[in-house]
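The signal peptide annotation in TrEMBL covers 1-21. Per TrEMBL, domain 'Plant heme peroxidase family profile' is recorded for 23-321. For C34-C112, C67-C72, C118-C317, C196-C228, the entry in TrEMBL reads disulfide bond. Under the heading site 'Transition state stabilizer', TrEMBL lists R61. Annotated active site, proton acceptor per TrEMBL: H65, in sequence order. The feature Ca(2+) 1 binding site is assigned by TrEMBL to D66, V69, G71, D73, S75, E86. The substrate binding site annotation in TrEMBL covers P158. The heme b binding site annotation in TrEMBL covers H189. According to TrEMBL, the Ca(2+) 2 binding site annotation covers T190, D240, D248.
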Amino acid sequence: MALKNLLALVVLLGVVGVSFGGDLYEGYYRYNNCPQMEDIVRNVTYHYIYKDPTLAAALLRMHFHDCFVRGCDGSVLIKSPNNDAERDAIPNLSLRGYEVVDTVKSVLESECPGVVSCADILALVARDAVLAIKGPWWPVPLGRRDGRVSNISEANLPSPFANVTTLKKNFADKGLNTKDLVVLSAGAHTIGVSSCGLISSRIYNFTGKGDSDPAMNPNYVAELKKRCQPTDVTTSVDMDPTSVDKFDSHYFNAVAEKKGLFISDSTLLDDWETNLYIQKQVLLNGFYFNKDFSDSMVKLGFVGVLTGDQGEIRNQCDRVN
């Protein structure tokens, strides 16, 4: 009965449109000249994820990178002829999945031209991509406008080499708390891959003396060395060593076992609050992880949004009007 009531509530919220604060609300386009918008986004996204499930992690990462620079305004999508936009910054050079957003935008421009923002498309695509690989659902209030500015110099994203103090400040500056940090920084690493280039110094020359990072499990270091030769910067490495294709809480177990791939993951054991959250997820086998992830994604989607007369609705996502 509880599940039945929950499903009924979800349907009701989708029908009437629900505000989560400010000018964003679910069902926004049902009342703003593009009622088929969410169906189009879902269908196109599922089409791409069916062909390449690894795009789910890529699109989730793109949304995160967008929101952390100038807010969730689609500025990471903008191309620059001078290679000086956000997407040209080093942390964003490995982003992929732009074609999904561009295809959704093209279809929507045919159906309801000049109505749907690229920022909203990216927020929905990220959710639907995760849902397509059987990850959690979360509400995506809509009504964002697109930014007109994208500067490479502003792409100061949380670093995989950062310590926990720096990470807590990074997230606090965006109005996100410590739980959001652990959930979005480490929890999201349950899917996706990185490259040998980002971990080479951790496993081969951590202090410049040919050593490995003592914060890493020695057995895990040995496994990584089999995958990554000292000069290899391109080979991919699964972020979650045992369930990279499944959206679950297992990466917290990996971090607790000192198998966090990045310094930014391992350092979460250095702070009592972040460590406590990790241990709770391990103890409870991730019982609350999907809900926590959903809650944090909703909060992330409100960071620095443009609404009303701010910004614009781009005709193409990779350029301003």
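Cβ atoms here come from the backbone N, Cα and C positions, even for glycine.
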Whole-number Å only: compute the distance from the Cα of C196 (disulfide bond) to the Cα of D240 (Ca(2+) 2 binding site).
14
By Cα-Cα distance, the member of recorded positions R61, H65, C112, H189, C228 nearest S75 (Ca(2+) 1 binding site):
H65
Calculate the distance in Å between the alpha carbons (Cα) of C118 (disulfide bond) and T190 (Ca(2+) 2 binding site), and round it to a whole number.
26
Go through C34, C112, C118, C228, C317, our disulfide-bonded residues, and report the one whose Cβ sees the most other Cβ atoms within 10 Å.
C118
Name them in sequence order: residues not among T190, D240, D248 whose Cβ is within 8 Å of the mean position of the Cβ atoms defining the Ca(2+) 2 site.
H189, I191, S243, V244, K246, F247, S249, H250, Y251
With a 10 Å radius around each C-beta, find which of these binding-site residues (D66, D73, E86, D248) has the fewest other C-beta atoms nearby.
D248
Fewest-neighbour residue among recorded positions, criterion Cβ within 10 Å, set C67, V69, C72, C196:
C196
Chain-internal residues near P158 (substrate binding site), provided their CB is under 8 angstroms and they sit 6+ positions away:
F68, T166, L167, N170, F171, S185, S264
What whole-number Å value do you get for the CA-CA distance of C67 (disulfide bond) and D73 (Ca(2+) 1 binding site)?
7
Among D73, T190, C228, which are recorded as recorded positions, the nearest neighbour of the residue listed as 'active site, proton acceptor' by Cα:
D73
Write down the Cα-Cα distance for C228 (disulfide bond) and V69 (Ca(2+) 1 binding site), rounded and given in Å.
31
Neighbour count, 10 Å Cβ-Cβ cut-off, for the residue listed as 'active site, proton acceptor': what number do you get?
20
I'd like to know the mean pLDDT over the domain 'Plant heme peroxidase family profile' (23-321).
95
Whole-number Å value for how far D240 (Ca(2+) 2 binding site) lies from H189 (heme b binding site) (Cα to Cα):
6
Out of the recorded positions listed (C34, C112, C228, D248, C317), which are within 10 Å of D66 (Ca(2+) 1 binding site), Cα to Cα?
none
